[in-house]
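Okay, so here's the structure we're looking at.
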Amino acid sequence: MKQRLLEISSELKSYHITEKLFILFAMICGFCITSEYSVTKPVSYSVFISHFSASYLPYAWLATVPVNLLIIMLYNKCLTRFGCFKTTLFTVLTTAGFNVIATFTLKDIAVFSFLHFIWKDIYVLMMFQFLWSVIHSTISSGKTKYLYGFLYGMGGLGAALGSFIPALLATKAGSEMLLLATPIIYSVFIFSYKGLLTMRSKMETAGIKVSSIEFKKKDAKGGFSLIKNSKYLKFILLIVVFMQISASLIDFQFNSYLEQAIPIKDMRTAYLGKMFSVVHTVNIFLQLFGAYILVQFVGLRRSHFLVPAFFTLNIISFIFFPVFRVVTMCYASVKSFDYSVFTIIKEMLYVPLKVEEKFRAKAVIDVFAYRSSKAISSLLVLGLQMLAITSVTKVISWILLGIFTLWLLSVFYLFEKQESPTEQAIS
């Protein structure tokens with residue numbers, strides 16, 4: 001292990017100055033995205049529950065589907081016509097403006113709270129899409145094992161520090177006022193993103209091999225077609241859907257308990273901020289060390305088995321001990337793995353893909369499918385509520401066990417036959 005760390009250190013020192021600056025700007029961008037979302041997310045959740053209660057979460061998740069589809073269609077068109085930077089800039093300005101308006105409207109206008117809850121689930125994925133599509137098309141496959149951990153580790157640090165804002169200020173300044181942090185943080189992001197693209201261009205000038213970012217078709221549905229024709233992309237889509245359905249169901253369980261345990265809005269926001277600060281602290285360790293150790297010593301194949309296996313043990317503990325503390329622990333554990341180990345090993349699956357697939361197909365999977373999977377969760381929850389089942393949260397636990405079993409079988413099917421393209425690329 002020590003020898004491997006020395007090798008990584010030596011390799012980092014050998015990088016061209018443009019490569020080092022590219023990585024630095026990528027880290028700053030990741031830091032900004034996660035720190036801002038760590039402020040917006042608890043505020044949006046807390047205000048939404050105050051207006052509607054946790055029982056209305058499935059309706060909001062269903063509403064994300066048409067919005068998601070529209071955003072992906074616009075994304076594919078804008079990407080071809082305006083390019084990465086202008087499309088990203090427009091998204092940043094829209095998000096910052098939305099949050100500034102939300103500062104003064106969320107408290108009194110319930111409909112705006114509903115819209116804000118939907119948008120906060122979409123824009124953060126778009127920001128990660130803008131960042132990681134560039135990273136995937138720039139960093140060579142041999143460097144992904146350790147660089148992805150560093151990049152996500154900086155994102156984890158941003159998330160942990162950002163969580164302190166609602167944790168410390170929600171009860172003093174009020175939940176809604178915290179959204180004024182968005183334009184400040186995203187101002188830093190957009191300058192860093194511009195620097196990222198500039199360094200990428202200079203890397204090409206310096207003779208460093210990077211993938212060309214060119215889009216041949218003005219096809220709004222291009223990403224869907226790419227997935228349809230690729231078994232490998234279908235597998236990535238499937239594990240993302242499994243992850244998000246299970247995360248949404250656990251989300252519903254947690255918020256149902258949270259609403260009863262902490263009924264006061266600002267105290268609830270503060271609690272969420274404190275909880276997510278712990279989650280993101282764990283994320284930092286998993287992102288910097290955990291994911292690398294898993295891939296290096298356990299292998300990508302076994303790492304993909306580990307995630308659903310861990311979640312299975314997690315939900316079994318809640319089945320036997322269905323109390324607020326245990327559901328909080330389960331929810332925090334799932335979020336920790338989702339934001340770190342799962343995300344990193346999932347991103348590694350994109351390494352061998354073509355540029356069109358990294359931008360268009362990845363957007364469909366990581367934005368549209370990622371959030372639209374919540375619609376399936378919503379239908380499950382609403383169906384259970386319509387059946388007037390007395391303990392919806394308990395039934396959900398058994399549904400989750402079924403999902404994790406299917407997930408394990410899917411991973412087994414992909415890796416049993418042959419080595420994945422990613423394993424070949426990073427070996």
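Just so it is clear, glycine is given a Cβ too, placed from its N, Cα and C backbone atoms.
Record features (TrEMBL):
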- 21-39: transmembrane segment (TRANSMEM)
- 59-76: transmembrane segment (TRANSMEM)
- 88-106: transmembrane segment (TRANSMEM)
- 112-135: transmembrane segment (TRANSMEM)
- 147-171: transmembrane segment (TRANSMEM)
- 177-196: transmembrane segment (TRANSMEM)
- 235-255: transmembrane segment (TRANSMEM)
- 275-298: transmembrane segment (TRANSMEM)
- 305-324: transmembrane segment (TRANSMEM)
- 395-415: transmembrane segment (TRANSMEM)
Contact between the transmembrane segment (59-76) and the transmembrane segment (112-135) (at least 3 Cβ pairs under 8 Å, separation 6+): yes
Per Cβ pairs under 8 Å, the stretch of 21-39, 88-106, 112-135, 147-171, 235-255 packing most closely against the transmembrane segment (177-196): 21-39
The transmembrane segment (88-106) vs the transmembrane segment (21-39): 3 or more CB pairs under 8 Å: no
Segment proximity, the transmembrane segment (275-298) to the transmembrane segment (147-171), 3 or more C-beta pairs under 8 Å: yes
The transmembrane segment (305-324) and the transmembrane segment (112-135) contact flag, 3+ Cβ pairs under 8 angstroms: no
Closest-packing stretch to the transmembrane segment (21-39), where packing means Cβ pairs under 8 Å, from 235-255, 275-298, 395-415: 275-298
Close approaches to the transmembrane segment (275-298) from elsewhere in its chain (Cβ under 8 angstroms; 6 or more beyond its ends): 4, 34, 38, 41-42, 145-146, 148-150, 152-153, 155-157, 159-160, 162-164, 167, 306, 328, 332, 335-337, 339-341, 344-345, 348, 426
